[in-house]
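The structure appears below as structure tokens.
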Amino acid sequence: MITAMKLAEANIIEEVVLVDIAEGLAAGIALDLTHSTALLGFDTKVRGVTSLAEAGSADYVVITAGRARQPGMSRTDLVEVNAAIVGGIAREAAAISPQTVLLVVTNPLDEMTHHAWRASGLPAERVIGMAGVLDSSRFQALTGLAADSSPSAVSALALGSHGDEMVIPLSQARVGGTTITAALPEAKVTALVDRARNSGAEIVGLLKSGSAFFAPGASAARMVLAMATNSDEIIAATVRAHGQYGIADGYVGLPARLGRTGLREIVELPLAADELAAVRTAAARIAERVADLERTSAPS
């Protein structure tokens, strides 16, 4: 819902289509959003349907379907249930729109992105996961508060996994042009990284039912807009590496440039040795979890 609103507000997408199997839900949200066109000043068409077939061909398909986390539940707890859902959507979306780009949001994100790629049969460049933009934004917001600075003045990229192996290369992080380690005490920075890493679980615990949606929705929209506008910005995305950062072959969060047809390039930043090792460790852990998933949910 937030993603649809942000995409519509941008006023550069011709049509946004919401899909939900619950009869009337997507149509109702679409109508509500349409009622805000004059208030928000956009002309984007918005409609809601109950199937991908009704939605028709699409340049970008954002996959958010799946079971949400409950308090005490890890992202990995969701893997088998959500793999079946994501795999089915990916296959159908690729069949309807062979040139589409899939943007996966469903958790556990890293495994689901790989699974969508395998299930869809699409090139890896056109199957991307949304995690790094969100985790980066969380760290920027928390750091901005701690440093009494605007979050937009904080520059940082969250790499690795969307979970325990999230890595924020502090050698690349800045607060208003100053290195983050010069702006804040080391212990404080470490605490901020930990809180950003666990922010999803923190929100789930506070809400009691459901999970974060404002920041994830805005993050997905930012990625779609980066692709639609052929943006040159470097953002963190879950993409399939082919030797970059010493990672032979696998999905992991890395700095990337996106374009109209998905991944344009993986950008290799000069990470510190320990940061590079942590990113490689994240890739290895993701590969282990993917192997476990493939043993139980072989895509067709």
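Every residue, even glycine, has its Cβ placed from backbone N, Cα and C.
Over in TrEMBL, the protein carries these features:
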DOMAIN    3-129  domain 'Lactate/malate dehydrogenase N-terminal'
BINDING   ASP20, ASN82, VAL105, THR106, ASN107  NAD(+) binding site
BINDING   ARG69, ARG75, ASN107, ARG138  substrate binding site
DOMAIN    134-289  domain 'Lactate/malate dehydrogenase C-terminal'
ACT_SITE  HIS162  active site, proton acceptor
Packing count at HIS162 (active site, proton acceptor) (other Cβ atoms within 10 Å of its Cβ):
29
Site extent for NAD(+) (largest Cα pair distance over ASP20, ASN82, VAL105, THR106, ASN107, Å):
18
How many Å lie between the Cα of ASN107 (NAD(+) binding site) and the Cα of the residue listed as 'active site, proton acceptor'?
9
Work out the three-state DSSP category of ASP20 (NAD(+) binding site).
coil
From the DSSP assignment alone, can you count helix, strand and coil residues within the domain 'Lactate/malate dehydrogenase N-terminal' (3-129)?
62 helix, 21 strand, 44 coil
For ASN82 (NAD(+) binding site), list the number of other Cβ atoms lying within 10 Å of its Cβ atom.
24
Check the domain 'Lactate/malate dehydrogenase N-terminal' (3-129) for me and report the mean pLDDT.
94
Which residues of the same chain, at least 6 positions away in sequence, have a Cβ lying under 8 Å from the Cβ of THR106 (NAD(+) binding site)?
ILE63, THR64, ALA65, GLY66, ASN82, ILE85, VAL86, MET112
Could you list the residues of the same chain, at least six apart in sequence, whose Cβ is under 8 A from the Cβ of VAL105 (NAD(+) binding site)?
VAL62, ILE63, THR64, GLY129, MET130, PRO216, ALA220
